[in-house]
Amino acid sequence: MSTLAECALARKPLRLVRRQAHLGDDDSRYEPVSILEDEDSSTGEGGGGGGGGRRRSSGPRLQRRREAPLRHMSLFDLVAFGVGCTVGGGVFVLGGAAAHSLAGPASSVSYLLSGLAVGLAALPYAELSASFPVDGSTYSYAYIALGEVYAVIASMCQTLEYGVSAAAVARSWGNKVVDLVKMWGDPLPNWLLRFLDPGYYVNPMAAIVASLCTLVLLLGVRESKLATNCISSMKVSLIVFMIIAGMILSSGLFPGTKASFENWDPFVPSEFGVEGVLEASSLLIFAYTGFDCICNQAGEAKDPVRDVPRAVVYTIVIDSVLYVLAALALTAMLPYAEISEVSGFPDAFGANGWAWAEKMTAIGEILVLPLVVLASIQAQTRLLFAMSNDRIVPGFFGRLTFSKARRCRPEDKIGNLTANVQFCGLVTIVMATFIPFQFLVELVAAGALLLFSMTSCCMLIVRFKCPSETFLCSVRDVSDDATIFSVEAVRRELSLGRILILLNLFPFASGLCFAFIPINTLRYSLTGTFAFLTLVVALYIAAYCHENTSTRFILSRDGYGTPGRIRFRTPWVPFSTVLGIYLNWFMLANLGWKGTVMLIGYLFVGVVLYWKCCVGKSIVNSNEPHEENESYKNRNILPSERCTSPPSVRSDLQQPLLGGEDWEEGEHETGLLNNVYLKDDLSEIEASRRAVS
């Protein structure tokens, strides 16, 4: 059991994170290389910056090796990918259901509340993606800040958000195609009807769209990026058309229709109330899931430190504006009780006599909704790629393939995860074809909310330390003379990990009280009490936990070693982050007991499988000799924010996080050992270690 705990709580060393970012690997993630080398040609450096000379090979042509896809995504590519992975079901599927059954016209407020919660969760994503610009998103952040088992839990929640969501959207697309064909087609032959809808929960059209998306991804990264950019632009244009057309229809310019702004009255129907608005906002979290796929692509961004945080913020803003305006337009076109839960906008246009808009909207949904499937499968492959680099999943998930130049296409110099795409595509096809997902929406939303809270906790661990800790929670020795009645002892022994447990329990208890206590006086008093305790925890962190302000993961090309340039940092920390955690857990408690129970069971099964199959096999915990292992395992120590030069000790972990230049190990060791000012500025644990030596 001790071995299990040691492996499960082991954190990924920061030098290993730096190596996985492929810095120093001849900048291979920046510079394209040829797939094959001619005889008597250079086999030295293929990219930017490593040493080594030219040498000639007299043997057969050799294949160039690169361990990760080329950095090729611009800011526009990242935003298009983020919008493509998020906007879709929130307008085309969930908008009608939220308005009809949960909140009425106030569904726009529900979208706004969901956007606020997701926005507060997105800011830690933006900061961590700038601090650690690697593949994997929350999985990687949890591995660095919390430990291996938390990283596995995060990857399971991300699989719900990417893989399961891809299959669910594919199945929804298949249902829409079948309904559209039955509605507008002439009497169809029996064999075609049996193919479209064979019964027994089988959905052949879902298999078709999942197969097409997989084939696009197999064509190559360049082709899938082009498809993503084009279809994302089409999707945003379609939603803008739906919003403008709905507002014009409701303005009174077309008498004799049901559309009118008077349909907004009552804005909050009495049968739903505030509870319905909050329940809808919890469900509509599903509409925003997938924005973190941008961070999952950070390893392929050209300028990840600058572009990934911007792309995250831009995506959330675009999503929120589109969702709120779409909800207002939909509830203005029809009374909320008449809005279709399955096909909101097409039915609303049809009920008002705009058959052309009905057909245009329905066909547009069919054309653009598959992009969510494509982007989600791609995000899942990048998650498995990051896990394969850590040896938590088999290595074939990280195997790159390159295609040769052909008559109609250039040579692939980016690299494609062909085996990974094939596996994820096949699983998505099977799930979309045979599994009904109407009961899994709450599970996906619950997993996303837990994932957001984990990311916020990772950011707090990177940013703060308690009096008894260094950064990243390495606990110092506590005096044996301290007693539990000593205020100083409490401050020293109350680790940030224990504080974060309280920070997650209090909001969940507050949400449970609000959701399940029937007596209003008791419900509101307990809800407010736990909310106040959450505020007390935030005040403690702000007052007593030291903040690190120099978490800078140097990349050779990002320019952040230049004085005056800083990375994106979440504002108003810890209060904004604590508010985000509170909203996440509060909405999770109000989501319903089914989603929470399913999530607990799902995570329990995953942790048991990790215990039985993966403990001790990762690159961090493996006993195999390699340079990234024992010399610095579990020594995640961040420097003090006042440190402006590299540490005097040979700390492999601090170097990637220091500002300034890309220092070499031991380069300035002798002079810095005698610098008393630097000793005062370093973290206490480093200073004490130097004093002992």
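Backbone N, Cα and C atoms are what each Cβ position is placed from, and that goes for glycine too.
Residues or ranges marked as region 'Disordered' in TrEMBL: 28-64 (among others).
Taken from TrEMBL, the feature compositional bias 'Basic residues' applies to 53-64.
Under the heading transmembrane segment, TrEMBL lists 75-97 (among others). Listed by sequence, the residues of this chain that lie at least six past the ends of the transmembrane segment (75-97) yet keep a Cβ under 8 A from its Cβ atoms are 107, 111, 168-169, 172, 225, 228-229, 231-233, 235-236, 239, 242, 283-284, 286-291, 293-294, 297, 301, 303, 306-308, 310-312, 314-315, 318-319, 322-323, 326-327, 330, 339-345, 347, 365, 368-369, 371-372, 374-376, 378-379.
Among the features that TrEMBL reports, transmembrane segment is placed at 138-156 (among others).
Among residues of the same chain six or more beyond the transmembrane segment (233-252), those with a C-beta under 8 A of the stretch's C-beta atoms are 80, 83-84, 87-88, 91, 259-261, 263, 318, 322, 325-326, 328-330, 332-333, 345, 348-349, 352, 354, 357, 360-361, 364-365, 367-368, 371. If you look up TrEMBL, you'll see 233-252 (among others) marked as transmembrane segment.
Using a Cβ-Cβ cut-off under 8 Å and counting only residues 6 or more beyond its ends in the same chain, the transmembrane segment (272-291) has close neighbours at 82, 85-86, 89-91, 94, 97-98, 102-104, 106-107, 109-111, 113-115, 117-118, 122, 125, 161-162, 165, 312, 315-316, 319, 323, 372, 375-376, 379, 441-442, 444-445, 448-449, 587-588, 590-592. The transmembrane segment annotation in TrEMBL covers 272-291 (among others).
With a threshold of 8 Å between CB atoms, the same-chain residues lying at least 6 positions outside the transmembrane segment (311-334) that come near it are 75, 78-79, 82-83, 86-87, 90-91, 95-96, 98-99, 104-105, 107-108, 110-112, 114-115, 118-119, 122-123, 125-126, 129, 236, 239-240, 242-243, 245-247, 249-250, 258-261, 263-264, 284, 287-288, 291-292, 294-295, 344-345, 347-349, 351-352. Residues or ranges marked as transmembrane segment in TrEMBL: 311-334 (among others).
Feature annotation from TrEMBL assigns transmembrane segment to 354-377 (among others).
Under 8 Å from some Cβ of the transmembrane segment (414-437) lie the Cβ atoms of residues 32, 66, 68-70, 72, 163-164, 166-168, 170-172, 174, 201-204, 206-207, 209-211, 213-214, 217-218, 220-222, 373, 377-378, 380-382, 384-385, 388, 396-403, all in the same chain and six or more residues away from its ends. The feature transmembrane segment is assigned by TrEMBL to 414-437 (among others).
Residues or ranges marked as transmembrane segment in TrEMBL: 443-462 (among others).
Residues annotated as transmembrane segment in TrEMBL: 499-519 (among others).
Positions annotated as transmembrane segment by TrEMBL: 525-545 (among others).
Annotation source TrEMBL lists transmembrane segment at 566-585 (among others).
Residues 4, 8, 149, 152-153, 156-157, 160, 279, 282-283, 439-440, 442-443, 445-447, 449-450 of the same chain, all 6+ positions outside the transmembrane segment (591-611), place their C-beta atoms under 8 angstroms from a C-beta of that stretch. According to TrEMBL, the transmembrane segment annotation covers 591-611 (among others).
What TrEMBL lists as region 'Disordered' is 624-656 (among others).
Marked as compositional bias 'Basic and acidic residues' by TrEMBL: 624-633.
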